[in-house]
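Novice: After the structure tokens below, expect a handful of questions from me.
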Amino acid sequence: MKIILANPRGFCAGVDRAISIVELALEIHGAPIYVRHEVVHNRFVVNGLRERGAIFVEELSEVPDGAIVIFSAHGVSQAVRQEAKDRNLKVFDATCPLVTKVHMQVARASRKGTKAILIGHKGHPEVEGTMGQYSNEDGGIFLIEKVEDIARLPMQENDNLTFMTQTTLSLDDTAETIAALKEKYPAIQGPHKNDICYATTNRQEAVRELAKLSDLVLVVGSKNSSNSNRLAELASRMGVKSQLLDEPADIQADWFNDVKTIGITAGASAPEELGQSIISRLKRFGANSIEELQGLEGNMFFEVPKELRIKEVN
């Protein structure tokens, strides 16, 4: 069997920054460091940070007063920020800057009293944080996941409306939903460019090319990773078998029946070393050659907070 690697795959700049913030906080301040929610949605990464002294919690009520807490890459609501301030918690914010950009759009709509529509997945921490930027009772923010949800929106055609999206959605599904929104609300405003981030976009485009060449597409990523799930769904939509896997032990022999070419990609929160360990396991199942596709090389970089830059600390 032949292995073809998608390009780009794996860590994006926002994930890289978030992990670095936890690592640097541990290095400078020592354990324990509290992290609200999994800093990124990857079990391998989270377990590694936990072993080094990070304590992952879901609510700030689990964090002692005055302790250091890190907000995950997915962002948090204004209410969570205020709670941290009220309790004198030392906060390092690992929110991806591209998520912060969406937060600013929502906050702007809230200040103006413009009703906002967020396209995203209910219950996802990024969505909860984004919804929590809106506080104006004279307006409102409404969540939709798919085209069918639009019919249930309470707004009128001539209402002052704006929309924004979660950063890790399917490009195809989101384009369809935005088109339907604009059809129902012709005057609705939105970002000049959709909010789906560069890493999500590039990785989905890479999977399109990968699926054309593969009998099976393996996506390295955790089940709670939105962008990883979208990659697996896209491959399936293109008529190729796909599997989402968290670690080498997830691999099953019957996946490879009638498979000559295996395509491999990785979600934006999956480290390269995990991908390499999966490739090593695939060799035991008969994979004997590896090819990497050409693709858009990521050159985006997001700086960590000033207080965590080692040279400036020293």
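Including glycine, each Cβ sits where the backbone N, Cα and C put it.
Copying in the features that Swiss-Prot gives for the protein in this structure:
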type     : residues                                                     : note
BINDING  : Cys12, Cys96, Cys197                                         : [4Fe-4S] cluster binding site
BINDING  : His41, His74, His124, Thr167, Ser225, Ser226, Asn227, Ser269 : (2E)-4-hydroxy-3-methylbut-2-enyl diphosphate binding site
BINDING  : His41, His74, His124, Ser225, Ser226, Asn227, Ser269         : dimethylallyl diphosphate binding site
BINDING  : His41, His74, His124, Ser225, Ser226, Asn227, Ser269         : isopentenyl diphosphate binding site
ACT_SITE : Glu126                                                       : active site, proton donor
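Just tell me what is around each of these and how deep it sits.
Specialist: The Cβ of Cys96 ([4Fe-4S] cluster binding site) has Gly14, Val15, Arg17, Ala18, Ala73, His74, Gly75, Thr167, Cys197, Phe302 as same-chain neighbours under 8 Å, each 6 or more residues away in sequence.
Proximity of Ser269 ((2E)-4-hydroxy-3-methylbut-2-enyl diphosphate binding site) to non-local residues of its own chain (separation of 6 or more, Cβ distance below 8 Å) is seen for Phe11, Val15, Val40, His41, Asn42, Val45, Gly221, Ser222, Ser225, Asn227, Ser228, given in sequence order.
Within its own chain, Ser226 ((2E)-4-hydroxy-3-methylbut-2-enyl diphosphate binding site) has His41, His121, His124, Glu126, Gln166, Thr168, Leu169 as residues 6 or more apart in sequence whose C-beta sits under 8 angstroms from its own.
According to DSSP, Glu126 (active site, proton donor) is assigned to a helical segment. The 10 Å shell around the Cβ of Glu126 (active site, proton donor) contains 26 further Cβ atoms across the protein chains shown.
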Novice: Tally every other Cβ atom lying within 10 Å of the Cβ atom of Cys12 ([4Fe-4S] cluster binding site).
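Specialist: Around the Cβ of Cys12 ([4Fe-4S] cluster binding site), 28 other Cβ atoms lie within 10 Å.
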Novice: Please name the residue among the binding-site residues Thr167, Ser225 whose C-beta has the most neighbouring C-beta atoms within 10 angstroms.
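Specialist: Result of the Cβ crowding comparison: Thr167.
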Novice: Other than His41, His74, His124, Thr167, Ser225, Ser226, Asn227, Ser269, which residues of the same chain sit close to (2E)-4-hydroxy-3-methylbut-2-enyl diphosphate? List them in sequence order, counting a residue when its Cβ is within 8 Å of the Cβ centroid of the site.
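Specialist: The surrounding set, listed in chain order, is Val40, Ala73, Glu126, Thr168, Asn224, Ser228, Gly267, Ala268.
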